[in-house]
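In what follows, a structure is listed as C-alpha cells, so that the remarks can point back to it.
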Amino acid sequence: MSYNRLGESYGEDDHSHSPMMNPHQTNNRSPSPGRPLNAYQLSDVSYGPQERLHMPSSDLLAEQPTYSVERLPNSYGHNEAYEQHHQQSYPGYEYAVDPEAHHDAYYTQPYQPTVTPHDDYDLGQYPEHQHQHSYSDDRIPMLQQDNPFGPDPYSDEYQVEEQADGHTPSPAPIRRWKTVKEVQLFNGNLVLDCPIAPKLLNQVPHAEPPGRDEFTHMRYSAATCDPNDFFEERFTLRQKLFAKPRHTELFIVVTMYNEDDFLFARTLIGVFKNIEHMCSRTHSKTWGKDAWKKIVVCVISDGRAKINPRTRAVLAALGVYQDGIAKQQVNGKDVTAHIYEYTTQIALELKGTQVQIKGRSAVPVQMIFCLKEKNQKKINSHRWFFQAFGRVLDPNICVLLDAGTKPGKDSIYRLWKAFDVEPMCGGACGEIKVMLSHGKKLLNPLVAGQNFEYKLSNILDKPMESAFGFISVLPGAFSAYRFVALQNDKNGQGPLERYFLGEKMHGANAGIFTANMYLAEDRILCFEIVTKRNCRWLLQYVKSSTGETDVPDQMAEFILQRRRWLNGSFFAAVYAIAHFYQIWRSDHSAIRKFALLIEFFYQTINMLFAWFGIGNFFLVFHILTTYLGQKDLLGTTGKVLGVVFEWLYLATLVTCFVLALGNRPGGSNKFYMTMVYFWIGIMIYLAFACIFVTVKSIQTEVQQDGFTFTDLFTNSTFFTIIVSLGSTYVMWFVASIIFLDPWHMFTSFIQYILLTPTYINVLNIYAFCNTHDITWGTKGDDKAEKLPSANLKPGGKVDVDIPQDDGDLNAQYDTELAKFAEKPPKEVQVISEEERQADYYKGFRSAVVLAWVFCNFALGAVVLSAAGLDRFDQSEKTSEDSNKRSTIYMAVVLWSVAGLSIFKFIGALWYLVVRMFRGV
C-alpha cells in the first residue's frame, strides 16, 4: 500500500520485478487489466465480449468494410460495390473491453518505411510499386484505388475558380483554383484522406510516391453524432485500419479550452519527451524502438469558436490540422466534432515565450486532434476521449493532461509503471508542482503560498491516502486510469456512468447539491472506482512522477478558481461520506475495508474543521488578543489594540460577505486586496501574540523557586500554544526532509502562514456565498464562423473542395507557420462598458450596505459596551453603568418616537384647520 510502488526497480526491465505477477503474460504484452493474481468479475463490462472482426495473420489489410472514403486517387477506402457483395453484421462493440482477451496478438509490429536522405534510424524499405505485395507494411491504413473489392468511387472531377471573397472557416491564403471532387459517403459519414504540404513532407521520412502512408496524408472525419454513438455510427480511427490493427497501450489526452500556443506547446513537448523515453527503453518487454506505435496522443479542443488561433497554427505545423476542409453539415446532419489524424515527426521547442519548429523529432507520434464544434465543457471532452475514441482503440492505460501542464521527461512512464507493478491499480496520479520559473515567481506571495500548499499536499495528504488505497482526488491536470477499471457493468452502471452524469447536472432540472458536487467530478470518479461493485481497484500516488503547472498570480483569478474547487470538493466529500457504505459492495478484503472506513472517518473530521473554520479562527484570535490585555503582559495597550483589531476583524468579515453575495472579484479587486493586506496584518499580530505570551509564561516559570524544565509543560499557556503549534510546524519540516524535498520550508513557509487567514475567510466565504453558481468560470459559447456543408447528391455522393496544387498547400502551411512566428502580443484584458458599469453600480451598492451595517453595529456596541468596549473599564460599577446607559438610551428612543408622533399629529391637525377654511 505504499505511495510509490516504483522503488528501485525503475531503470530495470519493465517486467523483471516479479515474473509471478503476470502468470498469463504472453506475446510481449504488458499486464492485462484483467490479469491479477486472483480473478475478479469480468462480466460487468457493459459492452461485453463479442465477436471480433476477422483479421488475417499477415500484414495485409483485411477485407473489411471501412468508413473511409477516397480523397484523392490512391486513397484507402471501400465503396458500395464491396458492401453489396460482402454483407456483414456489426456488433455494438467490435473491440470489446474483455480483459481475458486483451490485445494479445497486436504488440510487436515492424516499422519499415523507405530510407530517405532525412533518415538517421533504420526504416527498412517500401515496395517500389503501389500494388506490389499489396501493402505489406502494417503502417499503411489504406486500400488501393481499384482493388478487388470494388471500383474507384469517383465519378467526376472538375475545377472551379474560387472567388476572392469565398467563405473559408478561418483566414487562409486565397487559392487560385480549387478542385471539386465527388466523394462517396458511406453510412452517411464523410472521411477524407488529405495530402500534407510538400514543405512538411520533405522534412520527414515517408513512403516514396506513389506509395502512401500515415506520414504522407492527414485523415479528416466529420463526426455527426454524440460521443456515445461514435462506434455505432461506424466511425473508426487509423490505428484500427492497419492489416494488423495496432494495440494502444497508452492513450494520452490533452484537453484545452482557449490556451495559447506557449501553454499548449509546453505540454506537448513534455509528452513527446516521454514517448522518446519509452522508445529508448530497448530492454523492455513492452516498450522499445517501436513503442510509439502503442501510444496515441489525443488533443481535444472545447469549441471551434474558442480555440486560440496560434494554438491551431501549431497543430497545423505538426501536420495534424488543415484549414478549409472541415464541414458544417454532412447530409443534413450537424457536425459535432472535427477529427484530424496524423502521425507527426515534427518537434517543437520553446525560446522564451515563443514556440518554434525544431525540425524532425526523434520518434514519430500518433496524434488525434478533435475540434469540437461547440463549447460543451471539459467533461464533454472526456466523453469524446473515453466513450468515442477509447471505445474504438480499447487502450490499457489512459493518461489525462490539461493544456499547460508539463509532465516530466519520464513521468508518464512512471505512472504506467505503477499499473504494471500493481495489477489492481485502477488509477494513479503524480506530484503536481507549481511552475516557478527558476524561483522568480516566488517573489509573488500568492504563488509562494500556493507552492507551499501543493508541496504539503504531496508530502502529507496524498502519501497518507495512497497508503489506505483511496486517494480522494486524482487531479485532472495530471492523472492516469486503467481503462477497464472505468467501465460500467452490464446494467450500464459504474464509474463512467456516474462521472458523466456531471454533464447533465448544469441544467434547470439539476439539484443544487448534485450540481455543486459535480464541479469536482474527478472526486466522484475516484470514489466510484474504489467502491465499484465486485471489484477491488486501488488508487495510488507516484511521487517520482511529476507535472508542472501554472497557478493564479492575481487575487481575483485565485478566488474564482478556489470557488469551484472548494464547493466541488466539499459537496463531493459529503457525498462520499454519506455513501461510505458502498464500500461493502466491493470485493476488497476485510482489512482493506476497515482501513477505508478509518480514512472516511478522518475525512469526516477534516470536513467538520472546514465547516467551522471561520468560527475557530475568530475564537483563537479573540482569546490571544484578550491575553495581551492582562496587566502582566501589555496591559492597557493590549486592551486598546485588541478592541481595535476586533472591530476591524468583524468589519472585514462583514465586507467579505457583502462582496461575495453580489460583486465580481475582478470588479472589486481593490476591496479584496485591501482585505488580504488586513488579514496579513492580523496574522502578524497573532504570531506576535503567540510568541509574546509564550515568552512571558516561560519567564514567570523561571522566576519561581525550584524551577525545572518539566515545569514548562505544566504551564497550560506554554503547553497549549508551543507544543501544539510547534509540533505541527516541526512535523512539516521533518516530513519534508524525509521526502528529500525541504526547500519550500525556506522559500514559501512564511508566505503561506501569512496568507492562512485569507484562505480561511476570503476563499471560504466567497465559495459558500456562491453555491448557486455552478459554472466552471468560463464564458458562454461564441458564435463560430459558419463552414460549408456537404450535401448529398444522387448516387450517395457529395462534392468536396480540395486544395490540389503543391503551391497552395505550401502557401497554406506558410500562413499557419507565420501565425506563431512572431512573439505573441501582450495580452490585455478588455473589460466591456457594460461590465465596467455593472461593477461600478455593484461597488456603490456594497459601499452603502457596509456603511449602513457598520453604523448600526457601532451604535449597539457603544450602548451595550459590547464588542470589547467593556474591557476598558474594570471597576465594579461597570454593570451598573451599563444598565444606566441602557435606561437612558431607552428613554431617548421612546421619547423621541413619542415626540415625532406628536409633531406629526400637530401637523395633521393644522392641515384639517386650513382645509376647513379653504373648503377644498
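The backbone N, Cα and C atoms fix where each Cβ goes, glycine too.
Swiss-Prot gives the label N-linked glycosylation site to one of N567, N715, namely N715. Here the transmembrane segment (640-660) sits apart from the transmembrane segment (718-738); fewer than 3 CB pairs are under 8 Å, leaving out pairs fewer than 6 apart in sequence.
At the 8 Å Cβ cutoff, the transmembrane segment (564-584) and the transmembrane segment (749-769) share at least 3 close pairs (sequence separation 6 or more) and count as touching. Sequence-distant contacts of the transmembrane segment (749-769) (same chain, at least 6 residues past either end, Cβ-Cβ under 8 Å): 445-446, 448-449, 452-453, 559, 562-563, 566-567, 570, 610, 613-614, 617, 652-653, 656-657, 659-661, 665, 672, 675-676, 679-680, 682-684, 687, 732. Only residues 6 or more beyond the boundaries of the transmembrane segment (608-628), in the same chain, are considered here, and those with a CB under 8 A from a CB of the stretch are 570, 634, 638, 641-642, 645-646, 649, 653, 682, 685-686, 689-690, 692-693, 717, 757, 760-761, 764-765, 871.
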